[in-house]
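Novice: Please read through the structure below; I'll follow up with questions.
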């Protein structure tokens, strides 16, 4: 049960050494004005102490220990100051010392190769002097010791089915390119970061890469403490099952009577310090016991953020991760050179399967812009012909028909064209998110947006439901294309969820090809300025209390209960490039005390969304309902610590462009196999030109990336925007058929479609690791490619886990200074 420090009680002890906040003195006075209200306090639902390193190995100490908070605050203060540095402290500048060293190394290698026949003894000595790295001999010795002790479990499990393809094998001693002390420090830090992510994923019942978990289990003193729930077993899918799931016998919104809903648990709900708590009685008082549901400890979260922030600017760790990423890129190029024709031959052997008829999911697309501009134009013209006299809008208390709305604009159906609609992004929207948002208004009129692409209006979202159903019909006709549409909940009023659910149920907006995500725009400052909200906690109550009520007593929100069965999770959206005037730390005001008109920072939104979602997931899992995941927009622009928060809390992210500047985070996202839905055409119009997009680089290194459309209304021209996205990417980056099918398979894996549906699309064994989990008859991805990805990931995980397991190095003294990039 959660314990809260009440009046007169001391606050829970902070797990790291207390230091004065650098922001308190370094940040501008106006950035802190009015935000000095009650600070954040520890709030924990699980009994007992919850230290950060609860299930870590005995020794994961590094040279950064004791300095994480100080280093993180320094980096936060740099981001607030908007430094004019040529490169950020977490990225590599263009003239990187590592690149210079690599060039020198290559020149020396060429010189040595020229002298090999003349002076073999000189060659040997030169190679030993130049390539000498402590990590080689130490790691080799460790391997020999491990074999001598009979510890063969990890190696035996890594034996995969032999696949007929050519592998690149580095013979001899392991070459990491860094001294062993740096290797061990980097390996410990990377492992510690992976443990942190695993902890938060388990806490919220989100997924974590099974391969990574298996390697981390070799290091943990004891298994991670998780809640287990009884689940009804899924009906197994046979190996010969059709690629199309069976059709539903009846519409999922058919029975909406409260009498058919699950029973009432009779539990009470109340939000305390920004998180909904569940009590054993309907009207809880101060002495009413709580239902024990776990959620993240706040002090522990801030400490974990500080650890990761300090990690990404550590010089030796950046060098290690940069080298590993470069190695992964080069290794993939060699793999393609050796096996491209074999992969193509394997694809050609599969009957009735090619890129067009494999499942692909648009994992990042907004419902309000899921149609293309021609589709919207035709729909508006059709509505003007058929429903001219329908009352669609209220202007200053006077009802208006569709005819009157267009007459007030001096427009007829004949006047309308794609150009007058003016919803497509152009060169004027680059780095201008405000102008891009204005493109959501057809003909520049917000009233048309309200009439045609809103769920809550005078006609109860009738037109929007019709156009969404037309898009769904197109997806069903294509058979193999699917989408996860984003619908908005703003948090301005408590009845938003019920209105949205009634819109979906009453208009029967459903398709087996579509799942929903709910996006929460980060617009508290706008609502607070207009006086619509008193504090940030009111916004959180409006977003989450209806969900808890529908879970505890489904009959009280029957439409919402049905609608939530088709919702995958939550998204956090807004312009990331907007400056943040506050840093989320222990001095930040609690949600009920956040009454200023400043917008809370990104991490603040994400933490409270995650904390409430974790509580909700455990409650829903107890009832046998499906759970939600967190899949925010992240890394499109703005500061790097957005990606740090998402690494800890999010199952997948959208965009992730800034990973190209942060080698440590990019390596962590690779090792954890975090899904990244990338939208190159969207980025090309807003933040990054197409040829600079890092998607092909991410794909070659093995990150879990997929292609998505984001906003077809603004960026695409054809009836099939997802195919348009694949087509342009293939032409510009010269992707192979295997690359395209791999992207499509990734999109299905990271999507929120049910396990049974994925079993039909990918094969009943898709959850298994490596080639055993691939069915080329359904995915058209050769086992060669899947085997290469799996073996490479295992080798990278083995490298860092073996280094941590090594006992050759004594404990690093805490007095050793860390190497940081130069400050401003």
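Using the three backbone atoms N, Cα and C, a Cβ is placed for every residue, glycine included.
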Novice: Among 135, 493, 556, which is the one flagged in Swiss-Prot as phosphoserine?
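Specialist: Per Swiss-Prot, phosphoserine applies to 135.
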Novice: Since Swiss-Prot lists 364, 366, 710 for Zn(2+), which candidate among 287, 626, 633, 641 does it give for that site as well?
Specialist: 633
Novice: From 113, 171, 238, name the one Swiss-Prot lists as phosphoserine.
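Specialist: Matching 113, 171, 238 against Swiss-Prot annotations yields 113.
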Novice: What other residues of the same chain, not counting 364, 366, 633, 710, have a CB atom within 8 A of the CB centroid of the Zn(2+) site?
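Specialist: Apart from 364, 366, 633, 710, the close residues are 365, 486, 571, 573, 654, 655, 677, 679, 682, 708, 711.
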Novice: So if I measure Cβ to Cβ from residue 710 (Zn(2+) binding site) and keep only same-chain residues at least 6 apart in sequence, which ones fall under 8 Å?
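Specialist: Counting only residues 6 or more apart in sequence, the Cβ neighbours of residue 710 (Zn(2+) binding site) under 8 Å are 364, 365, 366, 654, 679, 681, 682.
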Novice: From the binding-site residues 633, 711, 713, pick the residue whose C-alpha lies nearest to the C-alpha of residue 655 (active site, proton acceptor).
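Specialist: Among 633, 711, 713, 633.
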Novice: What number of additional C-beta atoms lies within 10 angstroms of the C-beta atom of residue 711 (substrate binding site)?
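Specialist: Residue 711 (substrate binding site): 25 neighbouring Cβ atoms within 10 Å.
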Novice: Among all the protein chains here, how many other CB atoms are within 10 A of the CB of residue 366 (Zn(2+) binding site)?
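Specialist: Taking all protein chains shown, residue 366 (Zn(2+) binding site) has 22 Cβ neighbours within 10 Å.
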Novice: Cα distance, residue 633 (Zn(2+) binding site) to residue 713 (substrate binding site), nearest Å?
Specialist: 19
Novice: Whole-number Å distance between the CA of residue 711 (substrate binding site) and the CA of residue 633 (Zn(2+) binding site)?
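Specialist: On Cα coordinates alone, these residues lie 13 Å apart.
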Novice: Across all the protein chains here, work out how many other Cβ atoms are within 10 Å of the Cβ of residue 713 (substrate binding site).
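Specialist: There are 25 such Cβ atoms around residue 713 (substrate binding site).
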Novice: Tell me, how many other CB atoms lie within 10 A of the CB of residue 655 (active site, proton acceptor), whichever protein chain they belong to?
Specialist: 27
Novice: Are there any residues at least 6 positions away along the chain from residue 633 (Zn(2+) binding site) with a Cβ closer than 8 Å to its Cβ? List them or say none.
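Specialist: Result: 571, 572, 573, 574, 576, 653, 654, 655.
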